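Participant: Below you will find the structure I want to go over with you.
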10 protein chains.
Amino acid sequence: MKDLMTADYLEKEDATALILAAKRRMGLSWESMAEKIGMSPVWTHSACMGMNAFPREKAEALAALLDLPETAVPALVESPTKVWAQTVPTDPCIYRFYEVVGVYGPTLKALIQEEFGDGIMSAIDFDMSVTRIANPKGDRVEVKMSGKFLGYNSW
Amino acid sequence: MKDLMTADYLEKEDATALILAAKRRMGLSWESMAEKIGMSPVWTHSACMGMNAFPREKAEALAALLDLPETAVPALVESPTKVWAQTVPTDPCIYRFYEVVGVYGPTLKALIQEEFGDGIMSAIDFDMSVTRIANPKGDRVEVKMSGKFLGYNSW
Amino acid sequence: MKDLMTADYLEKEDATALILAAKRRMGLSWESMAEKIGMSPVWTHSACMGMNAFPREKAEALAALLDLPETAVPALVESPTKVWAQTVPTDPCIYRFYEVVGVYGPTLKALIQEEFGDGIMSAIDFDMSVTRIANPKGDRVEVKMSGKFLGYNSW
Amino acid sequence: MKDLMTADYLEKEDATALILAAKRRMGLSWESMAEKIGMSPVWTHSACMGMNAFPREKAEALAALLDLPETAVPALVESPTKVWAQTVPTDPCIYRFYEVVGVYGPTLKALIQEEFGDGIMSAIDFDMSVTRIANPKGDRVEVKMSGKFLGYNSW
Amino acid sequence: MKDLMTADYLEKEDATALILAAKRRMGLSWESMAEKIGMSPVWTHSACMGMNAFPREKAEALAALLDLPETAVPALVESPTKVWAQTVPTDPCIYRFYEVVGVYGPTLKALIQEEFGDGIMSAIDFDMSVTRIANPKGDRVEVKMSGKFLGYNSW
Amino acid sequence: MKDLMTADYLEKEDATALILAAKRRMGLSWESMAEKIGMSPVWTHSACMGMNAFPREKAEALAALLDLPETAVPALVESPTKVWAQTVPTDPCIYRFYEVVGVYGPTLKALIQEEFGDGIMSAIDFDMSVTRIANPKGDRVEVKMSGKFLGYNSW
Amino acid sequence: MKDLMTADYLEKEDATALILAAKRRMGLSWESMAEKIGMSPVWTHSACMGMNAFPREKAEALAALLDLPETAVPALVESPTKVWAQTVPTDPCIYRFYEVVGVYGPTLKALIQEEFGDGIMSAIDFDMSVTRIANPKGDRVEVKMSGKFLGYNSW
Amino acid sequence: MKDLMTADYLEKEDATALILAAKRRMGLSWESMAEKIGMSPVWTHSACMGMNAFPREKAEALAALLDLPETAVPALVESPTKVWAQTVPTDPCIYRFYEVVGVYGPTLKALIQEEFGDGIMSAIDFDMSVTRIANPKGDRVEVKMSGKFLGYNSW
Amino acid sequence: MKDLMTADYLEKEDATALILAAKRRMGLSWESMAEKIGMSPVWTHSACMGMNAFPREKAEALAALLDLPETAVPALVESPTKVWAQTVPTDPCIYRFYEVVGVYGPTLKALIQEEFGDGIMSAIDFDMSVTRIANPKGDRVEVKMSGKFLGYNSW
Amino acid sequence: MKDLMTADYLEKEDATALILAAKRRMGLSWESMAEKIGMSPVWTHSACMGMNAFPREKAEALAALLDLPETAVPALVESPTKVWAQTVPTDPCIYRFYEVVGVYGPTLKALIQEEFGDGIMSAIDFDMSVTRIANPKGDRVEVKMSGKFLGYNSW
């Protein structure tokens, strides 16, 4: 970690390592970190993991909050290359979402196209939230995705 | 289709074929069909595609609505075997959801576990909706998933 | 073919079969068919293959041009499910494009992001052309793709 | 980096690392680097990434521009072995091009063969550009590929 | 090992390495370790391998039993990301269980659904044991799995 | 079905089709069928699906119970070729067992070898049961597997 | 076969079936067929299998030689879509060539680039022969491939 | 490199590294190295890459030519384990050979079996050459493979 | 079957179907069939399955033994294309042999090369037998493979 | 190597490295090592590679023979996890055995079941030998496998 604090240049994964160490040391949650930099928890975690690019002022806010070295800022701002190693995820918590896409994918497509015409939900102009919903039969996880509808053009 | 109307026994995909033909003939939407049998559009489409099992009274309501033969009811009620052929879906509208799981899967896991402890969102005790959200910069698709939190037990 | 001409209902692949038979019988090229319905050759071929949805008036124009039965029109208008069977295409003419994506994919990403910021070229709000470029050292194939830039949002 | 500056021998990936460090230090863009060595941005980025071989005088021009050690020149000149690790790319910006090949591959083949006869577009005698096209509905990415037509011979 | 004993922070695999070294040094079996912390052998081994999360008091009990450093406790308590590298396991002892799922999977499904209705056996609210059953024709391995039945909901 | 009743020769899948039709017609459960031929439900379902071979007298008992044609008996008695099409099963009820093998496979191996020495649980000299266990927090599925321990020999 | 002789339209695989039937009936070898139409055996077999396109006069010569219906000619002339189903061929006679590419692929690349500079051997402007070479220690198969060298361009 | 020059024992890849360094330092080509040890360029390159075993006297000749340490000789003589990492090679120069096997594999089989009877061309009792063939339309790469015919036996 | 008895031409799989029907009708074992045509059981079964080519006189002997139509003879004599569909076999009886290759493959290689030098055991000039070995602890299956050693040549 | 000689604890691969170094230093063959510890060459090589577990006295005999450190003994005795990285082996010497399983797998199954009834050859209660058989047409490799027959039970 010390080396990363003083290195000339940081890769995105170096910034992630510094963030995780600081989060642990300061006892912060993702939710509180997100609130302090004025962003949502989903986006904040994802950007800290190197799967989204920080706007400069948010990178600076995070660096200030967590005492990151200055070199972390350009690393956080850089466009990431999004790579996932498992075609089918094995972790049960992630697999269930893969299963939902397998089971309900054609349904999502049919209803989107019934409502909007031929096109897709953007995964780029996109946001998402995770919320706990109290329920007497057991609390529920609510995941809300919102993406701009993009219609196919014909030419 | 005529053969299916008079056959002794129907498989789930036969029932799907009859539903699609009737839907076309009667000019119905998934949303209106769902409303008429008192279920949600996501569940209705999915069950009509053979990816969920109908409660008997809902199968009968659908059969009445669409003039399906009696033999369709047990086919709709039967437990489905859920199979999807493409490990990575190619249709762009479905692929975008796969991409969301690839990019945000670890984030969903981290936030669920920060909020609830070690466990998952159930994909069985689960429901989902698709809604159009008007937006001056282009309407948006909102997908809301809700699943019961299931905590790991230790023993 | 006769059966398809008189069937109550056509799937997208039935419409494709009828189009190919008429094209052969009438000795038409894709380019001339495209011109006659006022669309581009790339889009016209793709939509005839069932990989894009026809606007209704274009479907009617094509049906008139090729003497397709009325039932072909709704099939052509319907949203397609885009499926390709080979993860890596084997036909040399198609493989070379796959190779271009493998070799130059990171370059396309770097230059798009240098010019536009973090985001992608849309494959939905998208068009493409294929042109012959005369060249004394051997004529060249020019493929021009144009897609709207979509920037990632942060939230 | 210091070690690479003084090593007896550099591999292609060492040269890439030195180029990236110099580009960062000198605040250059790919476009400006390409202009300064008199090559196109697509080719320049690709060759710097080790996916194409530099002509000697271009390697020397780049080394002069970026103060690379002499040992970088033979590494840049050497023929690369082109390897990509993901059969299906996961990064959304690159995936969209893969999707274009999946959706429009048979169309590209049909139109090339209608125009030129049986054959392919070369991916070796090939060039490509990326251009920003201003558009009131949102600027567009234009990718133009040009490859020599190669006809199959029969013997 | 010495480094792990004094490091500021341990990953789950570091904790596993320390546990294995202590187990070896102290000549303990999984069964005796499980008994001493008041948990079952299956759960204990799995959690020590980093495939399940320890409740804090069990992590402390294990740390006390094996003289682990304090830093091992938070590592053991953390939610694991469950990853297995082989889609089809090659080790014969594990493969046989994969084979059982391949051969008897549809049977398990049919009997669960005959008895309970449409749904699944939870792999989250789940426990398992391994027992030796003496048998004159050769002792037998008995594996008993128990998971809560989860019924699909319709909505 | 009529053709199968009078054919000269039946394949195993023909026998399966006849069994399923008779089961439906007679309103039998797998459990009752198993009881009537004096075998367990797991084995009976599996053998009826063509994944196990019937002893001749059991095949005859089943044929008598369900009024199968004589030709079904040799088909049921024949050794099956056990084939499953999905390397990773997609149906959620079957996938959960695959997940259990992924998560707990190394644990099963470690405990079997701690107790028995180097070897495996046989999947051939093997039996299994599925039982409903009443539970106030939700009934549970209990799956019990028993296989002969087979020790590796050295030579 | 009779149906194919009188059909309005033939696909490439129909032409292949007619060729194989005529070859059998007339007792011809590939070598003699090739000689009679003035082409090489490799190209002739490949084109008859639908993996290459016939020039019109060669298609007519083959149709005359084998008494194929007129409709076979356009099928033979059409550009083929080259598809092979096995990523790794299983037939031992074909696998050995795959093995040669695996073992000697980097060697072929190194020697081509040492001799010609950066580039490839074309598989399009390409021909191949198979010859028997008498040898006292056992006759040998000689395969000779010849393809135009294509140099990468830089731009 | 210095370490390899003085190590007690060398693996085959160590010998390869020493050969490549010496080749560079001495400015040799594969062709000249092959000539100097009296072997062909294809075999020499392949054996230097660790894909074939050197006869002892050839290993000694190479060691003398390149001033390799004595320990390189047994490494070069050892039987290699031939491993290639990419099921489908991505480098265009190597892929074209894979494509040739895909397109012409069944043709090679048909002609070998027409000429020799049922059997294969050996890839073990095998040799290969690469030659430049001058051609006014562009020089060509000629690859000649020769392998002993091996007939299947029946017993 | 009747159609196959009178068809003009049979494919290898048609011959297999006729052989299986006759074997069933006549109550023969593979061992007795093999003995009657003077070949081994392994080769006979394999050739009947279409995985080896019959010498003409053996095809005629088999046709005479089983009352096959004349057209079966050329089908049996033809060179087969050896295809297996499962990269990893699922049937337990076949999988165990795959497992043996996985576990002992490097051992077979090491011992063959220690004894014979660099080379392989031929799978073409090859024979195999399966024998029952009585054993008080349970009879054993003995599989004996014998293949000609083929040494690599250097050139 | 020196580190391994004095380390507190050895993994199985450390023991393998020490064995290979000693074998080299002492100029031993697998056959002679096997003879000296009173085991077969196949088992000895396999266990030295870490694919089988040594009985304690055999591990001690080997350690004495090769001057291994004491810590090697428990590593050799431990149960191995059998992993092979290549689903389809690429080394020609090992691939040929994979090919034999692909071609003859169904034959082995048919003959085993004809002779023994429904069941398999054990790969656990298993032994194997490799022998050179002199033959005037070229010496042969004889591989003999012997495994206990295991019959499926029904319950």
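Just so you know, glycine gets a Cβ as well, placed from its N, Cα and C.
So TrEMBL lists these for the protein:
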- F:83-155: domain 'Cyanate lyase C-terminal' (DOMAIN)
- F:Arg96: active site (ACT_SITE)
- F:Glu99: active site (ACT_SITE)
- F:Ser122: active site (ACT_SITE)
Participant: Using all protein chains in view, find how many other C-beta atoms are within 10 Å of the C-beta of F:Arg96 (active site).
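Facilitator: Result for F:Arg96 (active site): 27 neighbouring Cβ atoms inside 10 Å.
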Participant: Reduced to three states, what secondary structure does DSSP give F:Arg96 (active site)?
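Facilitator: Reduced to three states, the DSSP call for F:Arg96 (active site) is helix.
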Participant: Using Cβ-Cβ distances, find the residues under 8 Å from F:Ser122 (active site) that belong to the same chain and are at least 6 apart in sequence, listing them in sequence order.
Facilitator: F:Gly147, F:Lys148, F:Phe149, F:Leu150
Participant: Provide the number of Cβ atoms within 10 Å of the Cβ of F:Glu99 (active site), excluding the reference atom itself.
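Facilitator: F:Glu99 (active site) is surrounded by 23 other Cβ atoms within 10 Å.
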Participant: By DSSP, how many residues in the domain 'Cyanate lyase C-terminal' (F:83-155) are helix, how many strand, and how many coil?
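Facilitator: So the domain 'Cyanate lyase C-terminal' (F:83-155) is made up of 25 helix, 27 strand, 21 coil.
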Participant: List which of the active-site residues F:Arg96, F:Glu99, F:Ser122 have a Cβ under 8 Å from any Cβ of chain A, in sequence order, or say none.
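Facilitator: Listed active-site residues passing the 8 Å Cβ cut to A: F:Glu99.
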Participant: Under 8 Å Cβ-Cβ to chain J, which of the active-site residues F:Arg96, F:Glu99, F:Ser122?
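Facilitator: So the ones by chain J are F:Ser122.
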